[in-house]
Amino acid sequence: MQKYIKEARSLLALGIPVIIAQFSQTAMGVVDTVMAGAVNATEMSAVAVGTSIWLPTILLGQGILMALTPIVAQLNGSGQRKHIANRTQQGFWLATFLSIMVIAILYNSRFIIEAQHDIEPELAEKAIGFIHAIMWGAPGCLYYQVLRSQCEGLSKTKPGMIIGFIGLLINIPVNYAFIYGKFGAPQLGGIGCGVATASVFWAMFLMMRYYVRRAPTQRDVMPKKRLVLPEFHTIKRITLLGLPVGLALFFEVTLFAVVALLVSPLGVTAVASHQIALNFSSLMFMFPLSLGIAATIRVGYNLGQRSTEQARTSAITALAVGLMLASCTAIFSIIFREKIALMYNDNIEVVTLASHLMLFAALYQLSDSVQVIGSGVLRGYKDTRSIFFITFIAYWVIGLPSGYLLGRTDYIVEAMGPAGFWIGFILGLTASAIMMGTRIWWIQRQSDEVVLLRSER
């Protein structure tokens, strides 16, 4: 029992700074929406539409680069720190290629937005302007992710927390300047949010670069040469390891976007209630997500130490701590569901329906916790391909179809509206949690030689 308590302390020491870093990142999006909304509804809608295209695209890139975390953790644990600089440099090359891809997609976002024939021309133009502004922050965002993955792989999660929080603080005045044309900046409205956020991503990268170059704990992993040529076999290895994670994130974000579209014909009350439950769940999601990142670090490090038993302890502890935290957040969601809904909206119909949906959101948190921490454990074992297949099946084969059948049709029961989609979420995430748990159990039953060989990929 003592070893699990000790491991829980290590996981929380890594996970708490990540929670704050993730909160800062999420809050930047909230700040953009709120500050644009203070101008008028069109500006806020433009930011919302633009973000719905920007977010899945950049998350795909970030997910691929997250593969660096278990790679660095394994090298750190196995005493091969001298190879970390090379992996980080190749990570920068990969981030450069991904940035070009992201910018190319976002530059042509006009075709995606204008394909929606019922969108107002002014809203479309402002959304495109926002995307064309924020896309120049993609390289800064992805370069920052490379250095953050290096730090997290070395069990240094506090730099990401501090720099993420500073980025949030910078974002507010820079937003204000570009939205309203203050301090000599042009008045851009919602487009100014894109300019501000892109600028903040570059500032965060430069701050993280300064930390990495100056920190005593990072000196021995600094590259000997400033510039090295791309090693395509190394870049390929990172990509093959990270692509399933990136696609899993992409599938998750696009699933919620599709569900929002499917709920929209049900009326304003249904859409607002669904959005309240989803937004609050997203805030609670930071806890298991952060523990999942901590689990990746601990499992990867222990496998580098060639201790499959300790890696197993890390995995079990992370899942147990995650379930306990999810139980607490679920109980909190149930008890205070009406007060939470009132924080978002004071319309009695919206609050009533949102309070009802929060009951489903509470159950959702339990299975979501297991599946997201399970994903982190599998990343630590470098078993990322299974994450892709599990996520695709759980979200798009089980979750979305069952949600649609329950929410919009009367084939099984009378159409349940938004509640049907939330039951679909629960079914999909529960299936994902079971499949993740089964996969972890299968890996841990294999011989130490097989597990360690996989971890050295």
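Yeah, the Cβs are placed from backbone N, Cα and C, and that goes for glycine too.
Keep in mind the model is a prediction, meaning the values are calculated, not measured.
Positions annotated as transmembrane segment by Swiss-Prot: 11-31 (among others).
What Swiss-Prot lists as transmembrane segment is 53-73 (among others). Below 8 angstroms of C-beta separation, residues 29, 84, 87-88, 91, 94-95, 98-99, 101-102, 105-106, 109, 112-113, 131, 134-135, 138, 141-142, 145-146, 149-150, 152-155, 238-239, 241-243, 245-250, 253-254, 257, 293, 296-301, 304, 379-380, 382, 384 of the same chain, each at least six residues beyond the ends of the transmembrane segment (53-73), sit close to that stretch.
The transmembrane segment annotation in Swiss-Prot covers 93-113 (among others).
For the transmembrane segment (127-147), the residues of the chain that approach it from at least six positions outside its boundaries are 45-47, 49-51, 53-54, 58, 61-62, 65-66, 68, 88, 91-92, 95-96, 98-99, 102-103, 106-107, 109-110, 113, 163, 188, 190-195, 197-205, 208-209, 212, judged by C-beta separation under 8 angstroms. Marked as transmembrane segment by Swiss-Prot on the basis of sequence analysis: 127-147 (among others).
The transmembrane segment annotation in Swiss-Prot covers 160-180 (among others) and is backed by sequence analysis.
Residues 28, 32, 35-36, 39, 42-44, 46-47, 50, 126, 129-141, 143-144, 147-148, 151, 159-160, 163-164, 166-167, 170-171, 174-175, 177-181 of the same chain sit 6 or more residues outside the transmembrane segment (188-208) yet have a Cβ under 8 Å from a Cβ within it. Look at Swiss-Prot and you will find 188-208 (among others) tagged as transmembrane segment.
According to Swiss-Prot, the feature transmembrane segment maps to 243-263 (among others).
Swiss-Prot lists 276-296 (among others) with the feature transmembrane segment, giving sequence analysis as the kind of evidence.
Annotated transmembrane segment per Swiss-Prot: 316-336 (among others), in sequence order, evidence recorded as sequence analysis. Here the transmembrane segment (316-336) has Cβ contacts under 8 Å with residues 4, 7-8, 11-12, 280, 284, 287-288, 291-292, 294-295, 298, 358-359, 361-363, 365-366, 368-370, 372-374, 376-377, 437 of the same chain, all six or more residues outside its ends.
Here Swiss-Prot flags 357-377 (among others) as transmembrane segment.
The transmembrane segment feature in Swiss-Prot is assigned to 387-407 (among others); the stated evidence is sequence analysis. Same-chain neighbours of the transmembrane segment (387-407): 243-245, 247-248, 251-252, 255, 258-259, 262-263, 371, 375, 378-379, 413, 415-425, 427-429, 431-432, 435-436, 439, counting only residues six or more beyond its ends whose CB sits under 8 Å from a CB of the stretch.
Packing against the transmembrane segment (416-436) from elsewhere in the chain are residues 259, 262-263, 266, 270, 273-274, 277, 353, 356-357, 360-361, 363-364, 367-368, 370-371, 374-375, 377-378, 387, 390-391, 393-395, 398-408: each is 6 or more residues past its ends and has a CB under 8 Å from a CB in it. Annotated transmembrane segment per Swiss-Prot: 416-436 (among others), in sequence order, evidence recorded as sequence analysis.
Tertiary neighbourhood of the transmembrane segment (276-296): same-chain residues 11-12, 14-16, 18-19, 22-23, 26, 69-70, 73, 152, 157, 256, 260, 314-315, 318, 321-322, 325-326, 329, 333, 340-341, 344-345, 350, 354, 357-358, 360-361, 364-365, 368-369, 372-377, 379-380, 418, 422, selected by CB-CB distance under 8 Å and a gap of 6+ residues from either end. Residues 52, 55-56, 59-64, 66-67, 270-271, 274-275, 278, 375, 379, 384-388, 391-392, 395-396, 399-400, 403-404, 407-408, 417-418, 421, 425 of the same chain, all 6+ positions outside the transmembrane segment (243-263), place their C-beta atoms under 8 angstroms from a C-beta of that stretch. If you look at the transmembrane segment (160-180), the same-chain residues 6 or more away from its ends with a CB under 8 A from one of its CBs are 17-18, 20-22, 24-25, 27-28, 31-32, 35-36, 39, 43, 144, 148, 151-152, 186-193, 195-197, 199-201, 203-204, 207-208, 211.
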